[in-house]
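Undergrad: Starting off with a structure, shown below.
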Amino acid sequence: MEKYILSLDQGTTSTRAIVFNKAGEIVHIAQKEFRQYFPNPGWVEHNANEIWGSVLSVIASALSESGIEAGQIAGIGITNQRETTVVWDKHTGKPVYNAIVWQSRQSAEICQELKEKGYEETIREKTGLLIDPYFSGTKVKWILDHVEGAREKAENGDLLFGTIDSWLIWKMSGGKAHVTDYSNASRTLMFNIYDLKWDDELLDILGVPKSMLPEVKPSSHVYAETVDYHFFGKNIPIAGAAGDQQAALFGQACFEEGMVKNTYGTGCFMLMNTGEKAIKSEHGLLTTIAWGIDGKVEYALEGSVFVAGSAIQWLRDGLRMFKDAKESEKYAVRAESADGVYVVPAFVGLGTPYWDSDVRGAVFGLTRGTTKEHFIRATLEALAYQTKDVLDAMKEDSGIPVKTLRVDGGAVKNNFLMDFQGDILDVPVERPEINETTALGSAYLAGLAVGFWSDRSEIKDQWQLDKRFEPKMEEKERESLYNGWKKAVNAARAFK
């Protein structure tokens, strides 16, 4: 009987179960969206039990629709929206509050207090991260400070904390395993990425009892088995876990030092594998753990662009320039250039390397001759310019020359964007045959742990190229265009 790996891709707006075969090919995808809660401006929450319900639903759909029996699943891998925080009662299994999502800014005041107390350097030195509401630690503190009775329960050892991977493993194992992996732990603001353990000083700063925290395990590891009543009477190994961006790096087979992937989703997330050394950034990048596997931990540099695919959605829904996001390519290629127009899509501030939350979106270079085509092209070009900002920072910090950029995510189907990306970077861009690299990464991690795949070299051989975009632009034109972008960003930042 043929065996498969099931990957659970628990994202910000939907949960998906993707079944992969031994060749790393997709056999079936099941997806279910769930509700977003916005209780106050800037707050984003999920119901953790609704997420759990969506997981059970997609597992059932994936197996029934594909005709695969539960006993044919050799292992389960989990990849998840990172930083999103769940706190639950360890006796009842009931969350004490909604899951606070990575995007949510409700712990901004806590972050401000930590900065005012001078903790920035300590936190940066130990975690590789910035003090920002984005990360889990201040979200946990917010729950303990604002939910009645929560702090007392936590001090008594009755509450558990977890990122989404921890919550799902706990639920799937029937409460037997309270664990996380190195990649998810490294996003909490509480984990020392050098000592590889929860840091007592950081826990003290945040006021989080150690008893709440999950045990940290490798990213490729059998954590527990599913309880039979959650998996059609079968005990299946839960064998891999990684945060979504780290899973994508693994799914792209970026196993060697200096290999880089960029995911074009709502925003862009670029990660560079830096091997067994954690590089401290001088250019606004985060230092993070890529994964723990084969008895060692490997690190990555990470850069975040806040607005990428959402800029294309803005053209479609806000400005009504087209009805389908795919049409953006058709309009962009009609214009020979952006004709001096620059769009700075800083709708929620700018991420790496600027970290400027006060700047807002701006458009420069408009003339009477500017057309819809110019505007659409300029918006797409902005995604490529922002990616160059991040890659340049990575090259500066690492001292590693980048030979190629591997790409994934929804926007990579846009050939114009990928072409321009290669041109402006002066680096070839490689688009893989399988675009579901996040789910594939967690499947690989689980498959390695249960012996479904033998080693990373077998996985590396499975990576297949769909298209390679070679840079063709002259150096002079590249410099001129990018200088214009930098001027536009500076002007937008001056307008506050």
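The backbone N, Cα and C atoms fix where each Cβ goes, glycine too.
These figures come from a predicted structure and were not determined experimentally.
As listed in Swiss-Prot for this protein:
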type    : residues                                            : note
BINDING : THR12, ARG82, GLU83, TYR134, ASP244                 : sn-glycerol 3-phosphate binding site
BINDING : THR12, THR13, SER14, THR266, GLY309, GLN313, GLY410 : ATP binding site
BINDING : THR12, ARG16, THR266, GLY309, GLY410, ASN414        : ADP binding site
BINDING : ARG82, GLU83, TYR134, ASP244, GLN245                : glycerol binding site
MOD_RES : HIS230                                              : phosphohistidine
Undergrad: Cβ within 8 Å of the glycerol site's Cβ centroid: which residues qualify beyond ARG82, GLU83, TYR134, ASP244, GLN245?
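TA: Output for this site, in sequence order: GLN81, THR84, TRP102, ARG187, GLY243, PHE269.
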Undergrad: In angstrom units, rounded to an integer, how far apart are the Cα atoms of ARG82 (sn-glycerol 3-phosphate binding site) and GLN245 (glycerol binding site)?
TA: 8
Undergrad: Would you mind pulling the DSSP three-state label for ARG16 (ADP binding site)?
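TA: For ARG16 (ADP binding site) - judged by DSSP and reduced to three states - the answer is strand.
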Undergrad: For the recorded ATP site, enumerate neighbouring residues of the same chain (Cβ within 8 Å of the Cβ centroid of THR12, THR13, SER14, THR266, GLY309, GLN313, GLY410, site residues themselves excluded), in sequence order.
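TA: Same chain, not in THR12, THR13, SER14, THR266, GLY309, GLN313, GLY410, Cβ within 8 Å: GLY11, GLY265, SER310.
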Undergrad: Applying a 10 Å Cβ distance cut-off over all chains shown, what neighbour count does GLN313 (ATP binding site) have?
TA: 12
Undergrad: Would you count the other CB atoms within 10 A of the CB of ARG82 (sn-glycerol 3-phosphate binding site), including those on all shown protein chains?
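TA: That number is 26.
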Undergrad: By the count of other Cβ atoms within 10 Å, pick out the sparsest of the binding-site residues THR12, THR13, GLN245, ASN414.
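TA: Least crowded of the binding-site residues THR12, THR13, GLN245, ASN414, by Cβ count within 10 Å, is THR13.
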Undergrad: For THR266 (ATP binding site) and ARG16 (ADP binding site), what Cα-Cα distance in Å is obtained after rounding to a whole number?
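TA: The separation of the Cα atoms works out to 17 Å.
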Undergrad: Around ASP244 (sn-glycerol 3-phosphate binding site), how many other CB atoms lie within 10 A of its CB?
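TA: For ASP244 (sn-glycerol 3-phosphate binding site), the count of other Cβ atoms within 10 Å is 27.
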Undergrad: If one measures from the C-alpha of TYR134 (sn-glycerol 3-phosphate binding site) to the C-alpha of GLN313 (ATP binding site), what distance in angstrom results, rounded to a whole number?
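TA: The separation of the Cα atoms works out to 23 Å.
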Undergrad: Under 8 Å between C-beta atoms and at least six apart in sequence, can you list the same-chain neighbours of GLU83 (sn-glycerol 3-phosphate binding site), or say none if there are none?
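TA: Sequence-distant Cβ neighbours: TRP102, TYR134, PHE135, SER136, LYS139, THR163, ARG187, THR188.
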Undergrad: Tally every other Cβ atom lying within 10 Å of the Cβ atom of GLY309 (ATP binding site).
TA: 18
Undergrad: How far apart, in Å, are the two Cα atoms that lie farthest from each other among THR12, THR13, SER14, THR266, GLY309, GLN313, GLY410, the residues recorded as binding ATP?
TA: 18
Undergrad: Between THR13 (ATP binding site) and ASP244 (sn-glycerol 3-phosphate binding site), find the distance joining the two CA atoms and give it rounded to the nearest Å.
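TA: Cα to Cα, THR13 (ATP binding site) and ASP244 (sn-glycerol 3-phosphate binding site) are separated by 13 Å.
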